[in-house]
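**Q** Have a look at this one before I ask anything.
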């Protein structure tokens, strides 16, 4: 039996990954992390979607320690969420949570070990993204190698969205006939607003711009998606 673990936040990207994983694996587990994020709503959305889409199990892990160490506008109410074009002096937006994906992928791999899953799937992307260093392909591959050495099991990190732009990610949801669900029922917004979100933060900007690009030229974007992924 082929099993996979999806790192699941209930947002557009991880939900699209879950939708695809359910088509590609016999058994799919979701793991969501409670790190004291600004909006608890994303945990509730993740729980609802994992059940609605048919995941085998949904594991919620308390990683509150990350909140103590990683100061970010996603973990502190007194730090405002910036507009999409705002950056800090180091080039990173205040929404960057240092070490988040290091911790999440490591814990997801441990969970995968326990449920005998062969893959950990994460929705990180290096094409249309906010510049987070722990979303880069080289980081994921390096951590994957370290994890395999550390647990002596060939657990594979899969990043199906890594080289897709946001329009192609929308096309992927549409390919599986779930575009409406992803648009209406996921929570990507940094201000915690479900669906189309606040329309002002970086996450909402990337999401809305990608959807608009897809809707303007569906055939071309879908063709590009299929060329990149090998879908038929």
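The backbone N, Cα and C atoms fix where each Cβ goes, and this holds for glycine too.
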**Q** For the Zn(2+) site that Swiss-Prot gives with 198, 201, 204, which of 135, 189 also belongs there?
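**A** The record-listed residue among the candidates is 189.
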**Q** What does DSSP say about residue 8 (ATP binding site): helix, strand or coil?
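**A** Coil, per DSSP.
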**Q** Could you say whether, by DSSP, residue 204 (Zn(2+) binding site) belongs to a helix, a strand or a coil region?
**A** helix
**Q** Count, for each of the binding-site residues 18, 198, 201, the other C-beta atoms lying within 10 angstroms of its own C-beta, and report the residue with the smallest count.
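**A** Candidates: the binding-site residues 18, 198, 201. Fewest Cβ atoms within 10 Å: 198.
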